[in-house]
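Data first, discussion second: the structure below is written as structure tokens.
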Amino acid sequence: MAVPPSTYPRRLLPLFLGLFQGALLLFFALFVTYDEPSAQAEDTNLVANQVYRTFPFFQDIQVMLVVGLGLLLAFLPRYGFSALTHNFLLLNFSMQWALVLQGLLHHFHHGQIHLDLHKLLISEFAAVTVLISVGAILGRASPCQLLVMATCEIPAYLASEWVIVTCLGVLDVGGTITIHVFSCYFGLGVSKALFRATQQPPNPKETPTTSSDLMSLVGTLILWVFWPSFVAVLCQPGDAQHRAILNTLLAMSASAITTVVASSLLERDGKLSPGHLQNGSLAGGVAIGVVADMAMPPVAALALGSLSAVVCVLGFRFLTPLLGRKLTLHDQCGIHNLHGLPGILGAAASVLTILLTSKDTSGSQPSQPSPVGGNASEVVQGQWWGRGVGGQALCQAAGLAVALGTSLLAGLLTGAALRLPCLARPPERLCFDDSLYFRIQDQAESPGPDSSAEEGALALKEQL
């Protein structure tokens, strides 16, 4: 018996994921293996030390992405299940997809890819870009659209990161330019192309409630606690990693206090905005990443954290409404204020820091994060002083330009692809609602005045 055409979109998600996971199983069976156990005691101790040094950072990052970021996105009162679940799904999907692409492009030797913890960590960094970008269209895109977006964004990120880190030699150990700036403007490009020039009408389900804002604030606190691990994990062990942790803590502490000051001053009655607290408190961690391991005075980290918080709060208060009116740009989670503006500020700070720092006062040169290819560290290391201070500062600016240009172009193209009807974009009246994707038990057991609306939603879902 033939399947009615109207049921295809509802079956597209399990079909897409099933084919992907099946193909990945085949790929791993044929090409992926572990390193052979070493008989040398020295090599065994070296591997053990690397695991013990990296895995605690890796665990912190897992908590950040699965719990912290998931809760941060749960500020929409009727979209909490979807925000948490889609964040978790995209993390796993994007990590596996990045692992395959990185293995084929950079680690495919003699017909095999040797898997280790460092490669898995780099693939999670690639997945972070997807988790940030979807914030621009959160609640207004279907799961299939989000998966297609991740499929397109990962290779674009890997190409951009390779150019920025390997070709230009940009110093960005915390991913301020390569991750935060790229993911922000990729998401904004997707949003612009997906919704085109149409002004999205306000949806009553967009308004947060006390409980949803509280849940989002808990996510902020989790991210705030573990953020130094995200910045410092790829630093060279020793002084550089120590500096990165200290600078990140100082910057985020300053951004938390400054957010309270700025939010209170901007509100007429002096009260605090939950949205400002949820985002401004993290802005310092975004901005400090590019200069975290550089030898700069502690006051510079405090100043950068405070300035990034002010920029973030002002962006929410003035810039987001302006971009919505003038450019009809939809940014549901305000990723431009948390990731874009502080990211640009951090890139500018790196240029200034390099120009003001001399070799005699630095104590040691900053560490360079391992590129996704893993084969350019010897080329990149030492380029700061080899090419001159002015040359490195120019490369930092060029890296920012590459991140902005490639992310916007790739985002616009991806957003245009997401308009395909087969991807089942939800209609506006059913956006920001878990009932479109989940069986809500309490609604099924206790139908009330809104039961007719829910039945209408389910009926419309059958027609999608």
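Keep in mind that glycine also has a Cβ here, set from the backbone N, Cα and C atoms.
Annotation source TrEMBL lists domain 'Ammonium transporter AmtB-like' at 24-420. Regional average pLDDT for the domain 'Ammonium transporter AmtB-like' (24-420) in the model is 90.
Here TrEMBL flags 443-464 as region 'Disordered'.
The transmembrane segment feature in TrEMBL is assigned to 12-34 (among others).
Non-local neighbours of the transmembrane segment (54-76) in the same chain are 83-84, 87-88, 91, 117-118, 120-121, 124, 127-128, 131, 135, 138-139, 205-206, 208, 212-213, 215-216, 218-220, 222-223, 226-227, 229-230, 232-233, 275, 278, 333, 432; each lies 6+ residues outside the stretch with a CB under 8 Å from one of its CB atoms. The transmembrane segment feature in TrEMBL is assigned to 54-76 (among others).
Sequence annotations record features per position, and here TrEMBL assigns transmembrane segment to 88-108 (among others).
Under the heading transmembrane segment, TrEMBL lists 120-141 (among others).
Away from its own ends, the transmembrane segment (162-188) comes close to residues 125, 128-137, 153, 156, 230-232, 234-235, 240, 244, 248, 285-290, 292-294, 329, 331, 335-336, 339-340, 342-344, 346-347, 350, 354, 366-369, 371-373, 376, 379-380, 383-384, 387, 392, 395-396, 398-400, 402-404, 406-408, 410-411, 414 of its chain (Cβ-Cβ under 8 Å, at least six residues beyond either end). If you look up TrEMBL, you'll see 162-188 (among others) marked as transmembrane segment.
When Cβ-Cβ distances below 8 Å are used as the criterion, the transmembrane segment (214-234) is approached by residues 54, 56-58, 60-61, 63-64, 67-75, 80, 121, 173-175, 208, 241, 244-245, 248-249, 252, 256, 274, 277-279, 281-282, 285, 288-289, 292-293, 367, 369-370 of the same chain, each at least six residues removed from its ends. The annotation transmembrane segment is assigned in TrEMBL to 214-234 (among others).
What TrEMBL lists as transmembrane segment is 246-266 (among others). Non-local neighbours of the transmembrane segment (246-266) in the same chain are 174, 224, 227-228, 231-232, 272-273, 276-277, 280-285, 287-289, 291-293, 296, 298, 301-306, 308-310, 312-314, 317; each lies 6+ residues outside the stretch with a CB under 8 Å from one of its CB atoms.
Long-range contacts of the transmembrane segment (299-319) within the same chain: residues 246-248, 250-259, 262-263, 266, 273, 275-276, 279-281, 283-284, 286-288, 291, 334, 336-338, 341-342, 345-346, 349, 353, each at least 6 residues beyond the stretch ends and with a Cβ under 8 Å from a Cβ of the stretch. According to TrEMBL, the transmembrane segment annotation covers 299-319 (among others).
As annotated by TrEMBL, transmembrane segment applies to 340-358 (among others).
Proximity of distant same-chain residues to the transmembrane segment (397-420), defined by a Cβ-Cβ separation under 8 Å and at least 6 residues beyond the stretch ends, is recorded for 133, 141, 145, 148-149, 152-153, 156, 159-160, 163-164, 168, 170, 172, 177-178, 181-194, 344, 347, 351. What TrEMBL lists as transmembrane segment is 397-420 (among others).
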